[in-house]
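A.B. asks: One structure, as structure tokens, below. Some questions next.
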Amino acid sequence: MWLLGFLLLRTLISLCDTFKVVGPNGPVIAQFGSEVVLPCLLVPGQTPEGMLVRWYLSKWEKLVHLYRESDPQDQNKDQLKEYQGRTQMFESQMPTGNVSLRLLDLRLSDAGSYVCFVGSKNLDEQVQMELKVAGLGQHPVIHVAGFRNKQIRLACESSHWYPEPRLTWSVGNSRNVTGTLEISTESHTGLMTVRSLIEVSRGQENRYTCQIHNSLLGIQKQTSLQINGVFFPRVTTRLVTFCVFLLLMLVALVCSLLWVIRDDSEIKELKCRPPREDYWDLQSQRAQVDKELAYERGLSESEPLRYLRHAETLILDQVSLNPWLIVNETMTTVRGSDIQKSMPDNPERFDTEPFALATVGFTSGLHYWEIEVEDKTSWDLGVARESVTRKGDITLNPTNGYWSIGRFWGGFEANAGISVRIEVKTRPRKIGVFLQYQEGKVSFYDADLMVHLYTFQDKFTEKVYPFICPWWSREDIILIPVER
């Protein structure tokens with residue numbers, strides 16, 4: 001009888017030590033910088049005798065947290081370094097079967113596969129779960145990033161996103177707009193910063209909305225900006241008058257200073273000037289050094305000579321010249337003016353934009369010419385189709401019949417629909433333009449160094465003309481005669 005009682009007691013003890021480990025049905029998703037609970041429960045809701053709980057990352061040796069019922073003191077001397085001080089268990093709830101793990105101060109590197117292992121004297125059970133970490137970025141900010149060809153550049157920026165979000169622009173209630181997209185990663189967190197640019201022309205006033213969507217969290221943030229006519233720059237008569245007055249005052253001040261120091265400067269110049277024979281010797285040495293530098297750059301003698309064989313001598317066309325531009329007697333120099341000249345309003349004339357064309361156009365062959373821009377702060381130049389629109393506002397791009405580059409706000413850009421930045425080590429003082437009509441190419445070079453700047457590849461179907469735009473600057477742009 002006593003033997004039967006012993007066997008019954010042993011069976012009851014064994015049944016009490018039977019349990020199952022239960023985890024989440026799907027991945028656990030949490031936000032960067034927050035805390036998360038990785039759920040792990042025992043069924044039935046009680047702890048087995050001699051329980052050991054081991055949380056590890058994919059492999060047994062990658063310890064995240066360890067708990068022993070026999071010694072509940074800290075067992076985490078072998079814990080991975082990156083988890084130290086960031087893990088906790090719910091010890092007060094363990095008698096009810098809660099062996100979940102709390103993970104603090106979430107990082108992107110915490111994402112991965114976690115295993116909750118529970119062992120006892122008679123049974124071992126475990127469950128595996130996936131942790132995904134997402135970064136919900138800041139609300140996007142829309143601001144005006146600049147102006148170009150009478151267009152506003154709108155920029156939308158936001159940081160602290162993960163994974164890579166989807167950014168879209170919309171106009172009004174529905175229509176989408178395509179913009180450029182730049183994504184950079186923060187080195188210390190791994191979170192992403194997104195930036196997108198679009199261009200808005202006058203007449204496209206509307207409500208512009210920037211939307212950024214996190215696919216992992218299923219959350220979207222957006223910001224809107226209402227664009228109206230006040231955003232576009234206007235030049236008033238009072239402003240022009242004030243600028244002219246200020247310019248005259250500055251010129252008068254500079255002339256006064258130059259008059260005072262002129263004599264002293266001339267004396268210093270005479271003292272520093274080398275004798276005539278030394279001057280020509282220095283010029284010869286400089287030419288030799290320039291030749292050696294060209295060789296070091298890997299520039300063959302035949303390449304610049306190829307352009308020079310097709311050099312053109314150009315003059316500006318009076319018939320198409322904008323009346324706000326001033327040209328010299330030889331029709332080779334042009335600059336902006338604040339005085340409108342009286343000119344016939346013929347169909348060929350540009351009436352709004354400060355554009356100028358050469359008198360000669362091309363329908364075949366190879367052609368090369370050079371334009372001196374010196375330190376002029378804003379300009380555009382290239383070639384234009386004969387049939388381009390001459391009246392009203394004009395946007396420079398190949399679709400409208402202009403293949404051109406320019407300088408704007410200290411940077412150099414190609415007007416290729418969306419502006420393409422041109423990186424230069426040395427600011428060009430002369431621009432060489434090489435037209436290959438049959439091949440549909442227009443190439444631009446730093447004419448002093450013969451360094452390539454940019455090439456348009458297109459197809460020409462009609463006559464094209466050399467094109468110059470000095471904008472409203474009072475500094476000269478010069479068509480330079482090139483010797484073959």
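Note that Cβ sites are derived from N, Cα and C of the backbone, with glycine treated the same way.
As listed in TrEMBL for this protein:
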| type | residues | note |
| --- | --- | --- |
| DOMAIN | 33-132 | domain 'Ig-like' |
| DOMAIN | 149-226 | domain 'Ig-like' |
| DOMAIN | 294-484 | domain 'B30.2/SPRY' |
| SIGNAL | 1-18 | signal peptide |
| TRANSMEM | 239-261 | transmembrane segment |
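Help me understand the surroundings of these features in the structure.
C.D. replies: For the domain 'Ig-like' (149-226), the predicted model reports an average pLDDT of 87.
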A.B. asks: Are there residues at least six beyond either end of the transmembrane segment (239-261) with Cβ under 8 Å to its Cβ atoms? List them, or say none.
C.D. replies: 338, 474
A.B. asks: Tell me the residue counts in helix, strand and coil for the domain 'Ig-like' (149-226), as DSSP assigns them.
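C.D. replies: Output for the domain 'Ig-like' (149-226) reads 0 helix, 53 strand, 25 coil.
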